[in-house]
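TrEMBL has this to say about the protein:
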DOMAIN    B:140-444  domain 'NADH:quinone oxidoreductase/Mrp antiporter transmembrane'
TRANSMEM  B:6-26  transmembrane segment
TRANSMEM  B:38-57  transmembrane segment
TRANSMEM  B:90-111  transmembrane segment
TRANSMEM  B:123-139  transmembrane segment
TRANSMEM  B:145-163  transmembrane segment
TRANSMEM  B:175-196  transmembrane segment
TRANSMEM  B:228-254  transmembrane segment
TRANSMEM  B:266-290  transmembrane segment
TRANSMEM  B:296-317  transmembrane segment
TRANSMEM  B:353-374  transmembrane segment
TRANSMEM  B:394-414  transmembrane segment
TRANSMEM  B:426-450  transmembrane segment
Amino acid sequence: MIAMLAVPLLGAAVLVVFPGPARHPWYGAAVSGVTLVLALALAVRFDHTRAARPQFTVDVPWIPGLGLRFHLGIDGISLPLVVLTALLTFLCFVHLVRHRPEQGRIRALVIALLVLEVGMTGTFLALDLLLFFVFFEIVLVPMYFVIAVWGGAGRRAAAVKFILYTLLGSALLLLGLLLVWAHAGTLDMVRLAQAQGAGLSRAVQIIAFLAIGLGLAVKAPMWPLHTWLPAAHTEAPTVGSVLLAGVLLKMGTYGFARIAIPVLPEGAAALAPWLGAFAVAGIVYGSLACLAQRDLKRMIAYSSVGHMGFVLLGLATLTPVGMNAALFGNIAHGLITGLLFFVAGGIKERYGTTELPRLGTGMLARLPYLGSLLTFACVASLGLPGLAGFWGEMLALLGAFQPAAGLSRPLFLVFMAVGGVGTVLTAAYFLRMLSHLTHGRPPAGTIGGGSRGAALLDVSAYELAAWTPLVVLTVVLGLWPKALLSLTDPVVQAYLGTR
Amino acid sequence: MIQSIDYAAIASPLVLALMAGVVLLLDAFLPRTGRTRTTLGLVTLAGVLAALAVPAVQALSGARLRTFCVPAGLSRDPGPPPCSFVVDHLTLVFGAVALAAGVVVVLLSMAQLAESTIPPGEWYFLLLCTLAGAVTLPASRDLIMLVIALELVSLPVFALAALKRYDARGSEAALKMFLVSVVSTAVMLFGVSLLYGLTGSVHLSAIAARLAAAPVAPGASVPPAVPVGVLTVAVVLVLAGFAFKIAAVPFHFWAGDVYQGAPVPVAALLSVISKAAGFAGLILVLTTALAGQARLWGPVVAVLAALTMTAGNLLALRQRHAVRLLAWSSVAQSGYILAPLGVAGKQAVPASVAYLVIYAAMNIGAFAVVAAVSREGGRNELDDYRGLAFRAPVPALALAFFLVCLAGLPPGLSGMFAKIVVFREIVAGGAGWLAVVMAVNTVIALYYYIAWTARLFTPASAPAPSSASGPAASALTIAITLGLVASVAFSVAPQLVLSIAG
């Protein structure tokens, strides 16, 4: 359990002291590979019949003066995210083996990514409010450097925007957590969730939910707090975008499912309509913004805003169906958008740009594998039945059809209708982009590509190795959603007190 | 009548004062060579280390020492007679912080003096005097002793700032600081005299007893023995005196010019030792003498804290000069330290002290790196730090760590936990507005800290000057290492600080 955190941390520490291993292309992949094996071992040994209870717990006091315990554990809703984190990090390193960033200094990049992995994994494992916050913060500085050092042209501004926005959210989150602590007297998430808000007055719950919710909403990101995201995603290097979209955004929605809703049920009930309203606004806004984009990476970034809107809508219903949809959507979005950003990075490497007009048409004819993968990822992202993206959106809308008792049903029916329009718009922009980019004739002569000329390389073996697991998982989860839902459902039922 | 003096209690300031005399004598009789400079530095270092051993021994023995007490027959109050010099937990913590920071400042001074025309004897003498004051102040338990100790901390610093002769900036810094200091001392003395007039005593515990006997009740039909209006004025005036020491609003204007104009070791001294002394005095007066009047000073301190952190951070935002930036950032940090006192909860003092201890470690470390970089030449602008990570990886990584600590982000966990302690105290005390102000301030502060940190890792266009070696460089290396070890230790095990602060 601790090894999940210790392995990447030690890996990074070794690099800080000895510069040697960094030159070895497989170093990072090896370290994160060990972590992935550990995560898979946890998944295998995980007792599925008791998915609602945290397993493999570690609980030792760290800072008694603050009441902070080093309390880790894994249950049905954290297990998929932990595996996803380990998987995506490993795939990023596999991708890096061959596709070094142009700015060089691979050693620092490996260190940053490993520290990032520690923070992301720790966030999903923590069962102590302050420990959660500590891990939540750990990701900020490495991600800042990943964007600011290895990013695109406007990287400096994007990185500063990213870190200031998210720190503002974190500060609010901390205030909310401390408020919960001051009134409930414990930092133990398990006990707080079991208490179902007992001992916290309604006013305290609302204020705390507002503070925690705003803090997490910046991270998620929820419209209208999303403005850091397109810049950060567009400027970040490929591996940065993948981890940012695949894992970092999930930390926000995971926080809702893990802390805000179970610990503060009354606050959640009071503010859920607002959350739902902002969520559907995000869905529609994200889709419309996508329609107007001329840059591929920017478009994927805005599509994330829309997808996270579905996740937030699922959470806002406060029903088991909606919560399961949100957790499912989290994983599906991590897989699909991770793949999309990998492909977009591949396109950028070959064409030297991600601007749609300059990419030209006929990618399927020029680069058949890359074009097919792009098509696959887009189709999965727009929620084609049979692929992973479908279930998260469909179940979220289903949850909104029948929201929790105490929430206004007509209001959520409106949300459902607007969200439905959003799915149509999502389909529209992806199909429009695909028809423009992949179909048609390849332009004559050499467009893009720079010195490499017309002979663009199709998908390399390393890229294929990094992308195939994502494709396979997308199909598997699309055809067999119960694999994931059976894990998350017991926890959700326990949190919402429906069992 | 002859007072008995407990020399064990006053050992720490006594050692410092004696060493100050020794240094002055050595300077007079030793030849003026480069070796003498080093010798004087080492003698000073030995003195500070010896003085630092005293609180360590006192803490281990666990005895509560007191001396300069009012003789039993002369005490007007029942109970134990009030004493002027008390060695308790607070005294030891503040004394140890000041002396540990003193060790680093002496090391920085050795590097600074190795290559300049500053007279070493005077420098070390003044430095030791300041440290003696900083150690005496947290032990003082009467108003007169407090004022004297405070002046003993301040006066040598003016001279230290001006010792770089024929340097216009240094002279300006010294003069500016002198004027603000004199005004604030005068204001404070006025407040002290009012407090004495109201209560008839200078001993903090006696003042508290006298004020508790005459409760402040604005609506009472019987006229209170202590007029509320006069007491308020006295409290505000005393607060103002300490506000200068800790560079709180509205006495913060001097910080930027003085830190920049003075030699770097003096700036480090001002930002840690002199500030710790100011906070010690403030905490003593507020929580010992005026403990029952928290309703009166609490809101004032809270507003001061909010203004101080905001002003400091906003001023730091636009700085291009490294030391100036640290000056304003340390003003902002003063605001964070003040904040728990404004709530006046049960755990307010431990929260402030914990923040102060952690702040001392990370700030002195940052100054140590700045001192090292300023030796490379250049004007110590932020742009001089461009690419430092490639020229000098160890100092650069250390500085990055200190800055991230000051910003309060992981991996700088010590700074983060310090902020959490303060936030917890504010939230538990119910001052939501102050918590929000502080939250916004941490975001503002992050902007300039992260901008500076990012510069360290940006490739420089100009070729790097080769860094010099020698005793000066090794002194700096030791100084940086000390700051780094302390900050890393506090990051891994913040409980160290929390348990000694509590």
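Keep in mind that glycine also has a Cβ here, set from the backbone N, Cα and C atoms.
Non-local neighbours of the transmembrane segment (B:145-163) in the same chain are 68, 84-85, 118-119, 122-123, 126-127, 129-130, 132-134, 136-137, 170-171, 173-175, 177-178, 181, 185, 188-189, 192, 241, 245, 258, 261-263, 266, 269-270, 273-274, 277-278, 281, 284-285; each lies 6+ residues outside the stretch with a CB under 8 Å from one of its CB atoms.
By the Cβ criterion (distance under 8 Å, sequence gap of 6 or more), the transmembrane segment (B:38-57) is not counted as touching the transmembrane segment (B:228-254), fewer than 3 such pairs being found. Remote same-chain partners of the transmembrane segment (B:175-196), defined as residues 6 or more beyond its termini with a Cβ less than 8 Å from a stretch Cβ, comprise 143-144, 147, 150-151, 154, 157-158, 161-162, 202, 207, 230, 233-245, 251, 253-254, 257-258, 289. Using a cut-off of 8 Å between Cβ atoms, the transmembrane segment (B:90-111) and the transmembrane segment (B:353-374) share at least three residue pairs, counting only pairs 6 or more apart in sequence.
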